[in-house]
Amino acid sequence: MYMIESKGGAIACMLLALLFLGTWPAIMTLTERRGRLPQHTYLDYTLTNLLAAVIIALTLGEIGPSRPNFITQLSQDNWQSVMFAMAGGIVLSLGNLATQYAWAYVGLSVTEVITASITVVIGTTLNYFLDDRINRAEVLFPGVACFLIAVCFGSAVHKSNAADNKSKLQDFKRFGKTFTTRYFIILRFGTNIVLCFSLETASSFEIENKSSNNELSKGKAKEGTAAFLIEIEKQRAIKVFGKSTIIGLAITFFAGICFSLFSPAFNLATNDQWHTLKHGVPKLNVYTAFFYFSVSAFVIALILNIRFLYWPILGLPRSSFKAYLNDWNGRGWSFLAGFLCGFGNGLQFMGGQAAGYAAADAVQALPLVSTFWGILLFGEYRRSSRRTYTLLISMLLMFIVAIAVLMASSGHRK
């Protein structure tokens, strides 16, 4: 099997993992905003996510002089370590499943900020002690503190941006009594927005908001406007207008707790710190552990999402397995998201095995990448207040500092 041994190689793996793990959530969000049911998207995603692990195991897990390789370890008596790897896969799958619903409620950027910060604060601390303190504590924990500050900024950004959006919608519905009545029907019942606005007669609303009205009726609203927010609501699969963001934040924190446990579980699977393996049985290599990790993630995702097809949550429409098979709208994007996440996780574990899993948690600065995609693809934070922009920039700067500090804490596993 191929082993990463140098600190430089480990850091390269982390940076590439950061790019992949920050990009796949944006792709999943893109399909949801275009109306594809998240159950359909996640079933596609989980197929290629597992395929990525198989590809890594059969290539990197089989080449090189180091032994035992992937195939050999499949028949060894190492079930204790396999259980740790599979437990890690289960909590990761639950976290990923939760985040795709949280994105709709609180936005891509804020969801990634909160989950990543919880992961680092809890997961990095656990990994530091599991790795017998091979990472430099005087460097590592200031990096963790940066993530903690970042989550505070992230929460403030969400609150400020939510207030900005509320103000835009209130201003938009202020003009014209007929529009105001129909607007609240939209929020509550999700009726056809274009039809409602097309019935609007000449009024002060048309005079003072003519451009927004025209944009909405044509489906080409400018990013950051109230019309743009309403247009998104019309198209997306998960309807969020009129619902409390507390639901989204609760889902986000649940996902963060799940994410904080998967890396320590994987650490235990590959290094056997609790000495559960029998004497003489080799520890799981990172590729074998990642294979079992991905298999369990695949199984739990398959079970839950098939269940959600027939008994959906959060007001989503009911679907079926047949409908899923016939839904090719956005399937290619969903497959790509699974590959990116699979290879991203694999690279994170390869870097963690070489330089310490605590340092590898630097990839949890993925909100840097996700926020970029959120702004570029979804118009997040467009036309927001100066306060929101100030908090957003502060948050991103803290993540940049956190990445540098955590990677500087990299050690070397003997």
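Just so you know, glycine gets a Cβ as well, placed from its N, Cα and C.
Residues or ranges marked as transmembrane segment by TrEMBL: 41-61, 82-103, 109-130, 139-157, 246-269, 289-311, 332-351, 357-377, 389-408.
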Completion exercise
If one takes Cβ-Cβ under 8 Å and requires six or more residues beyond its ends, the residues near the transmembrane segment (357-377) are 10, 14, 17-19, 21-23, 25-26, 29-30, 107-109, 112-113, 116-117, 119-120, 123-125, 127-128, 130-131, 135, 140, 143, 147, 150, 154, 259, 263-264, 266-267, 344, 348-349, 351, 392, 395-396, 399-400, 402-403, 406-407, 409-411
Fill in the blank from the handout: For the transmembrane segment (82-103), the candidate among 139-157, 246-269, 332-351, 389-408 having the most Cβ pairs under 8 Å is 246-269
Completion exercise
Contact set of the transmembrane segment (41-61) with the rest of its chain, CB cutoff 8 A exclusive, min separation 6+ beyond the ends, reads 1-2, 24, 28, 31-32, 69-71, 93, 96-97, 100, 285, 287-288, 290-291, 293-295, 297-298, 301-302, 305-306, 324, 330-331, 334-339, 341-343, 346, 350
Fill in the blank from the handout: Same-chain residues at least 6 beyond the ends of the transmembrane segment (246-269) with CB under 8 Å of its CB atoms are 81-82, 84-85, 87-89, 91-92, 94-96, 98-99, 101-102, 104-106, 110-111, 114-119, 121-123, 126-127, 130-131, 240, 284, 289-290, 292-293, 314, 348-349, 352, 357, 360-361, 364
